[in-house]
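Annotated domain 'Major facilitator superfamily (MFS) profile' per TrEMBL: 1-381, in sequence order. Residues or ranges marked as transmembrane segment by TrEMBL: 23-48, 54-73, 80-106, 112-133, 145-168, 188-212, 224-245, 251-271, 283-306, 326-349.
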Amino acid sequence: MICYSILGPFFPHEAEKKGVSQAVIGLIFGCYAFCTLVGSLILGKYIVQIGAKFMVTAGLFVSGGCTVVFGFLDRAPEGTVFIVLCFVVRSMNAVGFAAAVTSSFAISAKVFPHNIATILGFMEIFTGIGLILGPPLGGWMYQSFGYEIPFIVLGCLLFLTVPLNMWILPNAVASQASFFRLCTRVKIMLVCFVVFTLSSGIGFLDATLSLFAMEKFSMSTGSVGLLMIGVSLPYGAASPVFGIISDKYPFIRRWMMVSGGMASAVSFCLLGPVPVLHIKSQLWLTVVMLVVIGFSLCMTCIPTFAEMLICAHENDFEEGLSTLGLVSGLFSAVWSAGMFFGPTVGGYITQKLNFEWSAGVQGALAFLSIRTESTLYTEEKSPLLSSAHHL
């Protein structure tokens with residue numbers, strides 16, 4: 001996650017110097033998510049044949065190599081050559097990331113089958129730590145040592161995790177399950193839309209927040225890195241708490257998703273703020289909204305994986321690595337779809353209009369996810385009302 005988040009403070013500025021537009025910068029961020037989406041679906045489907053342990057180690061190795069290579073792209077000629085190389089290296093890195101994340105979710109759920117949300121919550125601590133350390137560390141290393149050193153150091157650290165995981169992780173064997181049948185479950189698709197909206201918001205901030213802060217508040221690269229902690233710090237801090245609550249009180253999971261979605265929607269609308277509100281952009285308001293977004297995205301995210309897995313088991317999917325691989329692959333793919341949508345569409349709207357309107361679009365998506373989740377809750381709690389509605 002450090003390797004992912006390190007780009008935020010300085011890469012958009014570096015790409016601009018290479019003649020890259022805001023929309024294309026969004027696409028460079030978005031292509032990573034798109035390739036992770038495709039890779040997660042394929043690797044989740046074939047996790048049994050490939051082997052979860054091999055997927056983790058191979059994914060880390062590929063991702064480490066691509067991270068090092070990305071550090072040398074500043075030597076590429078500006079314009080088309082630079083853009084193409086960014087797309088190629090980021091895409092290969094995304095496949096390695098998809099392999100590592102998809103299999104790690106499956107292994108974690110396999111080893112801790114009765115505490116999935118709790119384990120996911122504690123795993124998200126380190127996701128949050130990575131997101132916290134990435135921007136300030138990247139901004140500091142970029143200012144102190146230049147463009148190449150941050151990527152070389154982090155790529156080498158990734159290489160070191162390969163033998164560690166080969167030694168620690170367990171092997172697992174399981175039978176096949178149907179991916180198509182999993183995707184036909186309405187409840188799973190609605191939860192997937194919730195995952196899509198929250199990851200879209202995170203991806204949008206990665207690609208656009210740094211330039212907005214530099215232009216609107218005249219902030220330096222290092223200061224922007226600290227600003228981006230406003231999302232990742234509360235996200236990481238709240239993850240274990242929401243994970244324990246989700247496992248201990250499963251009946252409130254959907255209310256957690258609805259409440260988190262509502263808070264996210266309001267916060268994105270006030271982040272700019274949206275021009276129709278006629279509120280002046282101020283640094284303190286931006287910081288507060290980023291903190292609320294961090295908490296609300298965490299509240300929304302933590303219950304989703306457990307809800308998807310429970311729905312799969314309710315629909316006669318076996319409790320084994322095959323089902324875990326399918327759910328993990330689908331979760332990672334939908335997350336990546338949002339991470340592709342957020343930077344690409346957000347970058348385009350920012351270029352054509354401004355950051356304030358683009359953030360408002362993210363808020364509208366969050367409101368829409370609230371509506372879908374509330375509908376699902378009403379139909380499950382009131383089957384007679386649901387039948388009457390359909391009639």
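Yeah, the Cβs are placed from backbone N, Cα and C, and that goes for glycine too.
Automatic, uncurated: that is what TrEMBL annotation is.
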Quiz item: When each of 145-168, 188-212, 224-245 is checked against the transmembrane segment (251-271) for Cβ pairs under 8 Å, which one has the most?
Solution: 188-212
Practice problem: Go through the chain and flag residues at least 6 beyond the ends of the transmembrane segment (80-106) whose CB is under 8 A from any CB in it; none is fine as an answer. | Solution: 4, 15, 18-20, 24, 27-28, 31-40, 43-44, 47, 52-53, 55-56, 58-67, 69-70, 73, 120, 123, 305, 321, 324-325, 327-329, 331-332, 336
